[in-house]
Amino acid sequence: MEKEKQSLLIHTIFLLLLVDPILCDSNDRLTPGQFMPSNGTLISDGGAFVLGFFSPKTTTGSSDLYLGIWYNLPQRTVIWVANRDKPIGVPSATLRFSNDGDLLVVDSEGSTSWSSNSSGNGTVALLLNTGNLVLRDDDNKVVWQSFDHPTDTLMPGMNLRFRFGDRSSTLFTSWKDADDPSPGNFTCRIDADPFLQLITRRGSEIYIRSQVWGSSLFTTSLGLGSNSVLYLTTTPTVDGLLLKLALSDSSPYTRYTLNHAGQLQLLSWNSESKFWQIITSTPTSCQVYGFCGQFAYCDDNETVPVCRCLEGFEPKLKRAWEGGNYSDGCSRTRALGCGEGYDFLQVTRMKLPDKFMFLRSKNMSECRSECMENCSCTAYAYNNFDVGNRTIQRCLVWMENMIDAEVYRSRGQDLYLKLMKLNSGTPGGKSNKKKIVIVVSVLAAIFSLACVFASWKFYEKTTLSDSSLSHIFQNHLSDSKEFIEGETSEAPELPLIKFESLVLATDNFSHSNKLGQGGFGIVYKGMLPGGHEIAIKRLMKGSGQGLVEFKNEVVLIAKLQHKNLVRLLGYCIHGEEQLLAYEYMPNKSLDLFLFDPTQKTKLDWGKRFNIIKGIARALMYLHQDSRLRIIHRDLKVSNILLDKDMNPKISDFGMARIFGGNQNEANTNRVVGTYGYMSPEYAMQGHFSVKSDVYSFGVLLLEIVSGMRISSFHLVTDFPNLLAYAWQLWNEGNTRDFIDPSIVHSCCPTEALRSIHVGLLCVQDDQSDRSAMSSVVFMLENESTISSKPKEPTFSTKRSINLDRDDPSAENLEICSMTITTLEGR
């Protein structure tokens, strides 16, 4: 009886296998009628790739299942997803190879989530060791393959076809998020009109635009290591192009990906370190579409990318331009008059601007004539290229607008810019010019006299006496050395506001208008006639900020222009009262969001990273790009103000020092600043330099990432302070534990970990080990590997400052001032 039961069981299993066979003869293929369950996999013959179902790690705990292909590595890296538009939301999913020869992803109820639509010709589905899933017919010809339908990744071995005039084909689409394979906001395609450009869009807007491909079609290569080369070749077809990617033998795994943040990255697997190494990453600042605005180009050859106006143009908004805001671009210094004499300036090594028109069948001479004779034409380029046995002549002309230009080191193309001839004019032009000069001179003299009279009347009505104002601003700022060659620190270039106007604007400094209070004064919200909001800082008597610091702030900020520095609108001196009027920041200071449990959720990772980079750019401007070299000396979280869009602005320049000429450092006997943010050499020896600000920035950066105050010792048990806590986690490879819990699941891990790494490099005990702010900006804005490793910061562990951990005031240590006495032997 027992033998009969066993025999019946064997026959039953055999019949089930015949009715619905599972994988049996090989683990790299399926044949018609077979299926792969949700917990099954196919592994390529060489073991490099896996096909299976996966469920991404999401913050919502979703159990959606996707069919994908990934590298057979400990760190799962998905290169292709089948049903990204329609995941299966139930626990059971199946990949079926239908008897008709199609691959199908179905749920437990039999509903189809995805199909290969291969016209029923497939007789075998095979996962190749290149990561390509192919369907072959009886003649072993490929009737469908995943390489023809990339999702967010291009792989070596892919052959991509493009037809001229076809603008509908998308090359690949980013994931929605790092853990969400559904189609994201970024798409990339080749514009296969005869322009031939690689276009990446964010939504419907252009985000990155490559140079216009020209000359003959090319073969190029990129070295990935000692013996590894990636080849890219373009070859002509009857109606378009064939783009091929190939990898040399014995090369590491390599992939080209459009990630969820819109970055095009070429990555190579480092088998020793077990991580993906970034070989190239786009975009840089210069490569973001329209970074420099109209009629300007970006120069990426400098340490920090700079925008420059094309010849014959000047910045539209000079102050914004000098402050690093280039979006408004440039305009002509002299308008092109129709019918007047023109000339063309050849600009070499250019990424040709966008907004061009394409004229067919024009040679170089005809192209030049077309632009010369058209009054609206601003430039032209001749950009023909060879396709097989024929040459496509491409005359590109720009009518009025030009945007998204860049200058390269060596490659690039020639742009011919239309300008007025220097000697152009009409007959009798010289006599006309003389008349114009005389008229303009007379008008200028009258205007100057009017200005002098108006200024005198205003001065008589609203200012202090001449001797009083002269006395206030007759000395140099903050006992700095001769800091401005050819300049003095006389009265600032700012309006002197009447005290009565500020009393009226603040409703007599009403408590209801109080925005906050710092170490030196109270800040009020004010409303000027016309509804313009301002912030007014009223210095407190006995606060420690005297006339020197007040002069510092007034004269200094008036000379600085940067979008991440707070703007000073005016000042007031009334008896013993000293007041400053700033642009109003509706979101107040960063600390009000960062350290408030209910408000910090408004600071998602995107906003925090933007704040970090904005502060870094402003400090770089202060240290090296402004007319003056400024050391802030009191950079801290409460001195970072936020505008309506949460953009950061550094404020409070009362303690700032100016370096002139080649001066790089200085000493003081009076140390001012905030404990925790002060560098070791400054706090202990009174020695300060740009590296002192770098240290403060590092502390601030770590506070932003962690959401903890530098003075919150009780939040980092077993560690003396936040810096030691950050370094220990970084050294152990557990930096994720340092990220603020309110954003840890939604942040970009690579950006957060990079920020922590940079922060630790900024807080090194030895100032020579700290990075300059230009290097900090570069590391934050580029994803190349950071080679420097931070040493353990020990300074704060040596301090002997006794703070009561339960004292709320310990978390808001304001300006500390102390005197240092140096003892010298006889």
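Cβ from N, Cα, C; glycine included.
TrEMBL has this to say about the protein:
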type    : residues : note
BINDING : K537     : ATP binding site
DOMAIN  : 27-148   : domain 'Bulb-type lectin'
DOMAIN  : 338-420  : domain 'Apple'
DOMAIN  : 509-795  : domain 'Protein kinase'
SIGNAL  : 1-24     : signal peptide
Residue counts for the domain 'Apple' (338-420) under DSSP, helix then strand then coil, are 10 helix, 50 strand, 23 coil
Per DSSP, the domain 'Bulb-type lectin' (27-148) contains 3 helix, 52 strand, 67 coil
Row K537 (ATP binding site), column other C-beta within 10 angstroms, all chains, value 23
Whole-number mean pLDDT, the domain 'Apple' (338-420), equals 84
